[in-house]
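Q: As annotated in Swiss-Prot:
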- ARG26, GLN27, ALA28, GLY29, ARG30, ASP76, TYR153, SER208, HIS323: substrate binding site (BINDING)
- ASP76: site 'Transition state stabilizer' (SITE)
Amino acid sequence: MSDSQPLLLRAARGESVERTPVWMMRQAGRYMKVYRDLRDRYPSFRERSENPDLSYQISMQPFEAFQPDGVILFSDILTPLPGMGIDFDIVESKGPLIQKPIRSLSQIEALQPLEPNATMPFVGEVLGRLRESVGNRAAVLGFVGAPWTLAAYVVEGKSSKNYAVIKAMAFQQPDLLHRLLNHFAESIATYLRYQIDSGAQVVQMFDSWAGQLSPADYDTFAAPYQKRVVDLVKSTHPDTPMILYISGSAGVLERMGRTGVDIISLDWTVDMADGCARLPEHLGVQGNVDPGLLFGTPEAIRERIVDAVRKARGRRHILNLGHGILPGTPEDNAKVFFETGKNVDNLIGSAA
């Protein structure tokens with residue numbers, strides 16, 4: 001056993017590890033009282049995520065409470081947008097709002113190439129401070145939104161139930177949408193490189209809304225741009241593990257495996273055994289406990305964790321939820337999740 005690198009990083013690289021690493025999407029957030037107290041003092045989400053002292057403090061809150069094996073930057077997938085010339089705000093209980101949705105060629109041509117060091121230096125500062133603080137006790141994770149999901153937000157102007165506006169663009173003006181997606185792919189790759197250079201050891205790409213696409217449209221509007229991001233990042237940072245997550249991914253799981261990422265993060269609607277069977281053996285898996293289960297009993301939580309880890313045996317596996325932890329989740333149950341996750345291999349025993 002080597003302690004020269006964090007457990008989660010070694011697992012993500014496919015090395016033999018002493019136990020299954022565990023972290024949680026959205027592990028810093030509204031379910032924690034310390035976060036809610038801080039939010040009451042700083043009600044602007046953008047201030048909380050763009051002030052480096054606040055972002056660092058929030059990123060560290062779950063580590064100080066639960067000691068997960070990964071500490072993820074507290075930020076948002078839309079954080080790079082202003083650096084490209086797209087302003088946004090995040091309204092509590094309503095979500096993101098884009099002041100001027102991007103729907104014309106002139107708007108797309110006016111977008112700026114992202115220069116993260118100039119437009120969002122707070123991200124680099126926080127990642128560096130996190131690395132310094134956690135050392136080898138946890139891996140530092142960075143993340144981005146994938147091109148399709150970013151496009152969905154900026155074209156729709158807000159969260160959507162049916163994505164009618166961006167789908168209208170996709171099917172009426174596909175060349176226009178491809179120009180936007182290509183701009184995002186280049187900028188997001190630049191942003192990921194910046195995160196890695198600043199201290200991120202593992203990075204995750206969220207294509208949250210790609211599950212709204214048919215498989216054929218996924219192949220046209222999402223997968224090529226996911227792959228473009230991966231190819232660009234891997235060309236300069238080949239040893240940094242990359243994770244891909246899509247909410248509602250059951251219909252495109254095999255396609256996700258062809259994007260060049262190292263790990264596929266499964267949502268809870270895919271059985272872990274089925275997910276492993278549908279993906280090439282060289283790919284790792286992450287997940288995939290239903291976040292709603294954390295409203296249940298400790299016994300139920302432990303049972304599902306054991307089930308997920310047992311079914312992932314033989315693969316490189318990072319234990320996580322199948323989606324972000326939900327607001328209102330009892331903190332004691334989050335603690336059960338982390339404590340069980342760290343002990344799950346002992347609960348299962350040595351049987352494969």
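Cβ coordinates are placed from backbone N, Cα and C, and glycine is handled just like the others.
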Q: Just report the maximum Cα pair distance in Å for the recorded substrate binders ARG26, GLN27, ALA28, GLY29, ARG30, ASP76, TYR153, SER208, HIS323, no decimals.
A: 23
Q: Relative to the Cβ position of ASP76 (site 'Transition state stabilizer'), how many further Cβ atoms are located within 10 Å?
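A: By my count, 18.
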Q: Can you tell me whether DSSP puts TYR153 (substrate binding site) in helix, strand or coil?
A: helix
Q: Please report the distance from the Cα of HIS323 (substrate binding site) to the Cα of ASP76 (site 'Transition state stabilizer'), rounded to the nearest angstrom.
A: 15
Q: Give me the CA-CA distance between ASP76 (site 'Transition state stabilizer') and ARG30 (substrate binding site), in Å, as a whole number.
A: 14
Q: Using all protein chains in view, find how many other C-beta atoms are within 10 Å of the C-beta of ARG30 (substrate binding site).
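A: That number is 15.
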Q: When a 10 Å sphere is centred on the Cβ of HIS323 (substrate binding site), how many other Cβ atoms does it contain?
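A: Taking all protein chains shown, HIS323 (substrate binding site) has 22 Cβ neighbours within 10 Å.
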